[in-house]
Ligand SMILES: NC(=O)c1ccc[n+]([C@@H]2O[C@H](COP(=O)([O-])OP(=O)(O)OC[C@H]3O[C@@H](n4cnc5c(N)ncnc54)[C@H](O)[C@@H]3O)[C@@H](O)[C@H]2O)c1
């Protein structure tokens, strides 16, 4: 039984994970931490992180970048492996993540879904064959109308996977409206669609002479991120200090 502390337990993802873990015989949330609490959880909730000294195997964080510095210090001090899912960290915070990973196990990923992380691995193999054979690579992502940033962090991470497989020789294009020229060989086009309540769709297109291969991932609910985070917490429990990725969780399966 993996004992988990849920940081940001009263937020959207914190509640998704509370629901998932309640149905999971191999995991238990032993405490929650959140700045706001209405006492509706089945586990004790601390509004002041320092007061939470409950014994646990791992901490899952879906909260706010404003909380990240104190959280990293807390986990390092308690030697508590941490699954860091909060996005929007500053350069300084990313450096602090690396420093903290010298003292305790840290897994950070902008997209916790096992599907997207598996897709990234598959894309690298595909790019090495297809891009080398002259196929053009394009990404189309679709999200709900409320999303503020474009393209999505996940689309950029997919592009980075493709580019890394091709020795980082490619550049990214987000808008072709201002130019009148054919696409560059070493270009990855990234297009963003916004509308309705689409949770998240990512399509990676390899377009070659007379044939096209498409990889598509669709998230139907935020539960996919929650499931990945719980898998990551189980993986991280008992691991020595170091920096871990979702790809490590997938490889261990
Ligand atoms: N990595 C992924 O796959 C993934 C997926 C979904 C969301 N996210 C990220 O996770 C974060 C949370 O997402 P959400 O949808 O649950 O947001 P949310 O706003 O619904 O929940 C955040 C929770 O954190 C709490 N919180 C804020 N500041 C805090 C602090 N200083 N200490 C403790 N608790 C604090 C809030 O009270 C709230 O309950 C965001 O950064 C989001 O981008 C990542």
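Easy rule for this one: first residue shown is 1, then count along the chain.
Placement of Cβ uses the backbone N, Cα and C atoms for every residue, glycine included.
Note: TrEMBL annotation is automatic and uncurated.
Source: prediction; values computed, not measured.
Site annotation (TrEMBL): NAD(+) is bound by 8, 9, 10, 11, 12, 13, 85, 86, 87, 109, 110, 111, 112, and the candidate from 34, 57, 136 recorded at this site is 34. Among the recorded positions 143, 144, 147, 153, 154, not one has its Cβ under 6 Å from an atom of ligand 1. Around residue 10 (NAD(+) binding site), a 10 Å sphere centred on its CB holds 20 further CB atoms from the protein chains shown. Reported as a whole number, the C-alpha separation between residue 86 (NAD(+) binding site) and residue 153 ((S)-2,3,4,5-tetrahydrodipicolinate binding site) equals 12 Å. Shown are the binding-site residues 86, 109, 111, 154; the one with the most C-beta atoms within 10 angstroms of its own C-beta is 111.
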